[in-house]
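Just below is one structure, and these are the notes that go with it.
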Amino acid sequence: MAFRRRTKSYPLFSQEFVIHNHADIGFCLVLCVLIGLMFEVTAKTAFLFILPQYNVSVPTADSETVHYHYGPKDLVTILFYIFITIILHAVVQEYILDKISKRLHLSKVKHSKFNESGQLVIFHLSSVVWCFYVVVTEGYLTNPRSLWEDYPHVYLPFQVKFFYLCQLAYWLHALPELYFQKVRKEEIPRQLQYICLYLVHIAGAYLLNLSRLGLILLLLQYCTEFLFHMARLFYFADENNEKLFNAWAAVFGVTRLFILTLAVLAIGFGLARMENQAFDPEKGNFNTLLCRLCVLLLVCAAQAWLMWRFIHSQLRHWREYWNEQSAKRRGPAAPRLPARLIKRESGYHENGVVKAENGTSPRTKKLKSP
């Protein structure tokens, strides 16, 4: 941030300057938007960045409620919250994670994974609490039929739309963070995989008006991911602490089963029985057989891929564990005892007779008689 102590200065707008000051640059841009709220001429444009757009009044039995739908202006709002996320990322990294990692004295590989898990633990925890609050207040848990009834769910409450915009902003900000954090080249493909998976699923649920089902699936997924990254943090602090990994392994398979069951129930059975089955993008209706099959195929393929990676990693872990156990059972090789030093008589032996060095047999000394 701007009040960060610098020990080295870099040329203006150079690569190192942007990497070390990207949070300060983002803070300046956010500050410009906030200053725009103070003036009547720019206030309307500033609200375009800060607040969700496309609000409509929907009549209810008692009164009217304000709901929202999506449109191109959402990209502007997402861009603003990308800068907000970059600032929060830098604050967490500098004032929490860096101070902890200095005490642990981690290697470069473990340090990179520690930073990744530290950021994701905070994000998943906040997302789980926020998502659970939205799901409970909107009544999606108490009424599972609401996941597919009254489809398409074009009009969203404020908290639902704002949640989706912030989720998209976070995972989009993770792409430039790979550059800003100087992530190792070996780690980039793995991180790109799960970033793209989250973007595709969240954007798909938002654009196809499956926001209610998307909230439940995200809640399940984030709970599992929070447990995994928390287990990694405890492992980095103490390598003998693997109890949370065992708990995560048990929860992981159950979560995959719940996600597949809910997806098939809501899309394969719920939407298939709806009367309104026509492809109408203007009204936000994508309830056709082809669209349902594509969505189910995407969800099932993603869960199968995650399960395959999980089984592969577990087998590798068990193989390493049993190799260590077998090595311990064998025990260390018995040390060789040093050969005893045999004191030999002077000369050498020939046919059992001690010979003198000059080839003559040694004479026995005669004892003198008294």
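Using the three backbone atoms N, Cα and C, a Cβ is placed for every residue, glycine included.
TrEMBL lists 112-321 with the feature domain 'TLC'. Marked as region 'Disordered' by TrEMBL: 343-370. Here TrEMBL flags 78-97, 118-142, 162-180, 192-209, 247-269, 289-311 as transmembrane segment.
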Quiz prompt | Stretch with greatest number of CB pairs under 8 Å, the transmembrane segment (162-180) reference, 78-97, 192-209, 247-269, 289-311 candidates | solution = 78-97
Self-check item: Distant-in-sequence neighbours of the transmembrane segment (247-269), which means Cβ under 8 A and at least six residues beyond its ends
Solution: 147-148, 210, 213, 216-217, 220-221, 223-224, 227-228, 231, 292, 295-296, 299-300, 303, 306-307, 310, 314
